[in-house]
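*Asks:* Have a look at this one.
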Amino acid sequence: MTPAARVQAAIELLDEIIEAARGQGAPADRLIVNYFKQRRYAGSKDRRAVRQLVYDAIRACGPIPPSGRAAMLRLAESDAAIGEAFSGTPHGPVPIEPGETAAKAGIAPQWIAEALAKSGITGTEAEALLGRAPLDIRVNALQTSREEIVLPVPGEPLAAPNALRFEGGTGVLQWDAYARGLFEVQDHGSQLACIAAAVQPGETVIDLCAGAGGKTLALAAAIKNSGTIVAADTVKRRLAQLAPRAERAGASNITEVLLDPGKESEMLSEWAGKADLVLVDAPCSGTGTWRRNPESRWRLTPNRLDKLVAEQARLLDIAAGLVKPGGRLVYVVCSLLDHEGTDQVEAFVERNLAFEARPIDLPRGRAHGHGHRLTPHNDATDGFFIAQLGTV
Ligand SMILES: C[S@@+](CC[C@H](N)C(=O)[O-])C[C@H]1O[C@@H](n2cnc3c(N)ncnc32)[C@H](O)[C@@H]1O
């Protein structure tokens, strides 16, 4: 493909991504894969270059752009080579019309940028939300250690004791050590959130929003396969990924519970008031993961955020009923909006007088409100808010 044809392909893809974001359709990554399935003539270099153009344009536009072409014109303002592609050559974009405008720049749609600013995320902190994420792994302490593991490329040791960092895009899933369960891909921030849970061997742990089990597996390793971990979620397709991962990792103390939405407490009643730890890794807006999914900021609406905040509060109250006297609840969101973080915890302790927010001691991050905050700028992790709620 010529450089101009690559720019035109990126414009077409951006049109699809914008439409999907407006209608809550397929994520950008899937649309890119589908696009190239129908265009086998594009080689791997073309695919990589187009993908890069698409993601650079997504990052460059704050609000949802009116069109893929307007998004690419925004990128052209900082890259003359892209501007030159608008010359009307075959397969390339038609020339720029007089008065044609580029999409708006910025960190995010205005209302989200304002909510972030109210939460203390401005300037370089806000810009870093759209940086490029490295690739972190968690060495599986059930099978090996960071010192013993042998990998094709040496990773950079991080503050979490089992964390190693590689350049983004490193093909770690093709490594033999992955197939043998010696490590899992997990952001350093997620690993630190699991450390905040401070599990001890023999404990009864409920991972209320286990998803595909990323944190469940870290907790199983920390608890050294003793005690019990209940991994619960409402989405079968996510929870179904846990069993094969657990088998590969050698984690043998996990019980899965597929929950019906609205019947969570009923379905977990055998553990009511019995858990040493309940982890609530709640569904959230994901503002801390824009490095990986920059277009997700175009999908969030005030109404969707309100619904998420209400669901987080409901899940926290369900979790409170599962914690035993003297036990603890750890609340995690990969968002930096205070609505979903410290404000949520403040409202929880007002509703649940048996709980108090406790300080968290981690090698990275800072205290923020009623919890602890990790950010891409300050900590080189995804953005997280973590709170530990102990019974008084
Ligand atoms: C942030 S994700 C969890 C990620 C997972 N803990 C990990 O480390 O990979 C939030 C999860 O909450 C689940 N969820 C949403 N509503 C729920 C509910 N009412 N009860 C339990 N889980 C729920 C979602 O299906 C999703 O898997």
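Positions of Cβ are set from backbone N, Cα and C atoms, glycine also.
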*Asks:* Report the candidate from Asp276, Asp281 that shares the S-adenosyl-L-methionine site with Asp233, Asp260, as recorded in TrEMBL.
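*Replies:* That S-adenosyl-L-methionine site, as TrEMBL gives it, pairs Asp233, Asp260 with Asp281.
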*Asks:* If you measure from the CA of Cys334 (active site, nucleophile) out to 10 Å, which binding-site residues from the list Asp233, Asp260, Asp281 are inside that radius?
*Replies:* Asp281
*Asks:* Where's the emptiest Cβ shell within 10 Å among the binding-site residues Asp233, Asp260, Asp281?
*Replies:* Asp260
*Asks:* Using all protein chains in view, find how many other C-beta atoms are within 10 Å of the C-beta of Cys334 (active site, nucleophile).
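*Replies:* Cys334 (active site, nucleophile): 25 neighbouring Cβ atoms within 10 Å.
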